[in-house]
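So that you can see what the record holds, here are the features copied from TrEMBL:
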type    : residues : note
DOMAIN  : 1-117    : domain 'Response regulatory'
MOD_RES : D52      : 4-aspartylphosphate
DOMAIN  : 317-415  : domain 'HTH araC/xylS-type'
Amino acid sequence: MMIVDDEYYVKEGLKQTIDWAKYQIEIVGEADNGEDALNLAKTLNPDIIITDIRMPILDGVEFMKKLRENEINSHLIVISAYDDFEYARAAIKYGATNYILKPIDNNELIETIQKVIKKIESERNFIDSYNSFKNNISALKVNLLREIVYGKISDSRLIKETLSYFKIDSNNIMVITIRITNYEKSALTANEHLRMLKEYINSQILKNVFARISNGGICLEKDEDEFVIIIGLDGDTDTLYEQLKNEFCYLMKKINRKFQNDNFTVAVGISDVHLWDNISKAYREATFASNYSPLPELNIIGCARDKDLIGIRKEVKDALKMIVENYNRDITIDEVANKLHISTSHLMHLFKDELGKTFYDCLVEYRISKAKELLLSTNLKVYEVAEKVGYQDAKYFSQLFKKYTGYTPKEFVDYHTFAGELKDEN
């Protein structure tokens, strides 16, 4: 372990007040500033670095940045006298395990150190497994890729080598997560649904679509009800990204129609485009997306903006169109049924049979999707957004928003603002 702080008493305190040998840790170096620390880290390549955030010559943020630029993958613990969001955000960006405020709480530091040790042991176990079981390289590579995707392995050389093994040699990647939900009433298990879905996606998407648009891709099973698709992108990534989203939209509609009688729902999340070594961040983005909206921008209403709803009854199409045109006012299923000259009960059954959800669900989902657009593209207050999507009660709107997305409107904006800033910086 290495300690970096410009305050002598802090360094001495860290060395003297904790029995590091008890945790099988050896302090191999110390430095007063980021520049000396960087040179020392290049030589020592320590497993753990405890660093201050504000130091002379080269501050903690620049020091962490240069560590990553030099592919020094030490586990970072940041200590600081400043309870500052910008510093904390920078620390997270460069992979810090924790941001501890001075005066240092030894119990908090020890707890953090123990977590880091477990992570180091996990990484070493997987690397040891890699070196020991080369005869079973294919299965091992799949396991390694899973651990990389889930953020359990951060060694950049190992990430690059593993992606290359799966023919993903692009500088840029995107991640798509697909989950099976609402399968409790089905005669089949989630695992059986997942197997059918994976076979279909492998044949229809990876072979036909991604082979034309992307530069390599792989489909990984995560849990019994989820799998992860990793795609390599080169060239005009913005154009390719939009092409993939459009293709996925169309294919997801086909999937929903193909399995519409099997009593389960498909939830999809798509990440932004990231550099290959940010694969874990891309996975977290995709997971976030699938959690706050099943089939985000790929749901039935979202797809209907650009293409016809192939195979859906005309009455349901017309009702969805009325939702799109009237979502910002108090519209009811009775009103829609009356305009379509059918009974309310018949329209209710049509929605359930055709879409597997209620009219009210579709109305709320569309309102929430429009609210997301307004929250991210305008400076409107939450109550103003609520009014624009048909809710006069801002508190009720916020409750609905959290129910359907898992986040309050403010949390939703904060997440996307933060993610956007990181994307710009990358």
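Along the chain as shown, residues are numbered 1 onward.
Keep in mind that glycine also has a Cβ here, set from the backbone N, Cα and C atoms.
DSSP assignment over the domain 'Response regulatory' (1-117) gives 55 helix, 23 strand, 39 coil. In terms of DSSP helix, strand and coil, the domain 'HTH araC/xylS-type' (317-415) has 75 helix, 0 strand, 24 coil. Counting Cβ atoms from all protein chains shown, D52 (4-aspartylphosphate) has 25 others lying within 10 Å of its own Cβ.
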